[in-house]
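Features as listed in Swiss-Prot:
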| type | residues | note |
| --- | --- | --- |
| MOD_RES | Met1 | N-acetylmethionine |
| TOPO_DOM | 1-9 | topological domain 'Cytoplasmic' |
| TOPO_DOM | 54-68 | topological domain 'Cytoplasmic' |
| TOPO_DOM | 110-138 | topological domain 'Cytoplasmic' |
| TRANSMEM | 10-30 | transmembrane segment |
| TRANSMEM | 33-53 | transmembrane segment |
| TRANSMEM | 69-89 | transmembrane segment |
| TRANSMEM | 91-109 | transmembrane segment |
Amino acid sequence: MISLTDTQKIGMGLTGFGVFFLFFGMILFFDKALLAIGNVLFVAGLAFVIGLERTFRFFFQKHKMKATGFFLGGVFVVLIGWPLIGMIFEIYGFFLLFRGFFPVVVGFIRRVPVLGSLLNLPGIRSFVDKVGESNNMV
């Protein structure tokens, strides 16, 4: 098992709560307050898990500036009160930022017993195969 420091454990909790609040905010018709809290918790949790320096290095790489602009711009737009537009920017930026991790995630999920069989369903399989391609990594 992977050994985590206390700071990383706090970061995992913050990230988990951030994802929960983002999901819950979208379920409740893009509630501004929940989405704003979720954004702040997610970004803070990421910084706690991988460290401040590595977080800045990840977000501000030269080839990821467009993705970072959309993601952080979306966070800002949500914080000023336009949740639907902000979430569209954020989701686009998130996919641009983290698309290099998708093949790894898809490969892992395919090995999980119940989820792996769900990913092999006819309508879902073609989409997951396209997302899981490793040639579109940045």
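Including glycine, each Cβ sits where the backbone N, Cα and C put it.
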Close approaches to the topological domain 'Cytoplasmic' (110-138) from elsewhere in its chain (Cβ under 8 angstroms; 6 or more beyond its ends): 63-64, 96, 99-100, 102-103
Average model confidence [pLDDT] within the topological domain 'Cytoplasmic' (110-138): 82
Per-state residue totals over the topological domain 'Cytoplasmic' (1-9) - DSSP helix, strand, coil: 4 helix, 0 strand, 5 coil
Spatial neighbours of the topological domain 'Cytoplasmic' (1-9) far in sequence, C-beta under 8 Å, 6+ residues away: 48-49
Tally of DSSP helical, extended and coil residues in the topological domain 'Cytoplasmic' (54-68): 13 helix, 0 strand, 2 coil
